[in-house]
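J.: Marked as transmembrane segment by TrEMBL: 53-74, 86-106, 136-159, 180-204, 224-244, 256-276, 312-329, 341-360, 400-424, 436-454, 466-487.
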Amino acid sequence: MNPKLPPKLFANPTLLLSGSTCLVFLVFAGIQRDNLQKMLAASTDVVLTWFGGFYLVLGLLTVLLLLVLAFSPFGKIRFGQDKPAYSWYSWIAMMYSTGMGAGLLLRAVQEPAFYFQNPPREGDYALEVFALQYTFFHWGLTPWAFYTMFGLIVGYQLFCKKKTILSSSILGDRFQKPVFTAPIDSVTVISTMLGVVAAVGLGSRQVLEGLSFLGGLKPFDSHSATWVVLAIGIIAGMSAYLGVSKGIRIISNLNIALALLLMLFTIWVGNVGQIFQNFFLALYEYLIGFFPMSLNLGEFQVGRPFLKNWTYFYWAFWLAWAPFTGVFIARISKGRSIRGFILGALLVPSLGTFLWFSVFGSSAFRLLGSGQLQGNEFDSLYTAIFRFFDFLPQAELTSWLSLFLVCTFLVTSVDSAIYVLGMFTDHGRSEPRKSLRVFWAITLVAVTVTVIILGKDELLNAVSNLLILFALPFSFLFLGMMGYFVVRGR
């Protein structure tokens, strides 16, 4: 196909299959909304019940395999012969903004506070440390291992083997027929679509709840949510259209600078000694308990309801996000050694996340233990961060800054997803056509707005459940890719 011509839909089976699947879902959702929600909820429960243990094993295996590869002779290989295309700061900023983004503001206070007030099991150390240990577990090495492994495989194929970034191309020549490539690559496209729609839907809810809390505006409704999604989509589309260096990199750098400023302010007005004590103690408990926690063994065993609602759900969610996050990380890592790539993508974001949750979690614990609160102030996923800042100095300034960060983090997740979807549906080109970037920007906005209008929170839950279901076939694809890469791909 001539790269200067617009893509022909019927000559692009991946685009046709993934697009038609999304269209069928939206039509069915509009006609059979209640039945769809019930069916997806029941299916998700079955998947998490029967395959949750598989997700745990897969997560631990991925972490261990990455560490082995990093410190083996294989780690000396570089992704191409050029120097790194981006500075260390920009590389980490883009990786972090894409991989976690707005979720860190969504959960910064709410999740540690929940574990503090509802510990999943009995422990023989302080509740503060216990709560942070489980927050570290869900946001640390394992999710970044899923991203890093996918990025490693794609980066090696792209820069060392001179192949495309498509999942089907990684599985060897026998899978290069359209009957195989279209379904395999469509799974990655649809997983990316669903992940972004769910993230933007949740993020738009947090933006509106924040505006309601700060400015007394009307709480979440589909009309106002549509405007938020449109604004995010337009900015993200422009960023993706400009490309990595002129768009995504600049917004990501701004994100991390403002997030660091917000974190440093919280440290400054908080109990510095307690924050860092909790950080180091929780890090120690997390590392020594990582293996049994990863397999839910022995004294680290938690109940099945906690596993299904938290760990299994998170592992499936991170797996579903691995295609687009991993591909984007690989795309910006040209020139780095495999050892530097693995350690940088696995350890640096994890440590940054641990410090982030330690700062906000420790400060929330102090407020909960002070007797000033009723105890339910941080229950809401959408308003916890704003209520938290309401108890600190400069509350209005920090709350508005955190609201701005939610928006810009959403933009960086969406713009990188647009870029990667363009790569997936442009035959794996590392620089997708701008026409496809525009197409995916419009499609993501249209699907998200349609989901919000059709069903508000209920349909967003349905999308999240559908994301979990798509994580199952992708998890087997992911395992096959790892196996082929280790045995034959290198």
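Including glycine, each Cβ sits where the backbone N, Cα and C put it.
Remember, it's a predicted structure, so these values are computed and weren't measured experimentally.
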J.: Using Cβ atoms and a strict cutoff of less than 8 Å, what residues sit near the transmembrane segment (86-106) while being 6 or more residues removed from its termini?
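T.: Contacts of the transmembrane segment (86-106) (Cβ under 8 Å, skipping residues fewer than 6 from its ends): 139, 143-144, 147, 199, 202-203, 206, 244-245, 248-249, 251-253, 255-256, 259, 321, 324-325, 328-329, 332-333, 336, 344-345, 348-349, 352-353, 356, 381-382, 385, 402, 405-406, 409-410, 412-413, 416.
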J.: Under 8 Å for C-beta pairs, could you tell me which stretch among 224-244, 256-276, 436-454 has the largest tally with the transmembrane segment (400-424)?
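T.: Between the candidates 224-244, 256-276, 436-454, the best contact partner of the transmembrane segment (400-424) is 224-244.
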J.: Taking pairs 6 or more apart in sequence, does the count of Cβ pairs under 8 Å between the transmembrane segment (136-159) and the transmembrane segment (436-454) hit 3 or more?
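T.: Contact criterion not met.
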J.: Cβ pairs under 8 Å only, please: of the recorded stretches 53-74, 180-204, 466-487, which one is richest in them relative to the transmembrane segment (312-329)?
T.: 466-487
J.: So which of 53-74, 180-204, 224-244, 341-360, 466-487 has the most C-beta pairs under 8 Å when paired with the transmembrane segment (436-454)?
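T.: By Cβ pairs under 8 Å, 224-244 leads among 53-74, 180-204, 224-244, 341-360, 466-487.
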J.: Which residues, given as numbers and ranges, are at least 6 beyond the ends of the transmembrane segment (341-360) yet have a Cβ under 8 Å from it?
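T.: Sequence-distant neighbours of the transmembrane segment (341-360): 63, 66-67, 69-70, 75, 79, 88, 91-92, 95-96, 99-100, 104, 108-109, 111-112, 132, 135-136, 139-141, 144-145, 147-148, 151-152, 155, 259, 263, 266-267, 270, 275-276, 278-279, 282-283, 286, 329, 333, 385, 388.
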J.: Using a Cβ cut-off of under 8 Å, list the residues of the same chain at least 6 residues beyond the transmembrane segment (224-244) that approach it.
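T.: Distant Cβ neighbours of the transmembrane segment (224-244) are 94, 200-201, 203-205, 207-208, 217-218, 251, 331-332, 407, 410-412, 414-416, 418-419, 422, 431, 434, 437-438, 440-442, 444-445, 448-449, 452-453.
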J.: For the transmembrane segment (180-204), give me same-chain residues lying six or more residues beyond its boundaries with a C-beta closer than 8 angstroms to one of its C-beta atoms, as numbers and ranges.
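T.: Distal contacts: 13-18, 21-22, 101-103, 106, 166-169, 171, 174, 225, 228-229, 232-233, 317, 320-321, 323-324, 381, 406-407, 409-410, 413-414, 417, 420-421, 424-425, 443-444, 447-448, 451-452, 460, 463-464, 466-467, 470-471, 473-474, 477.
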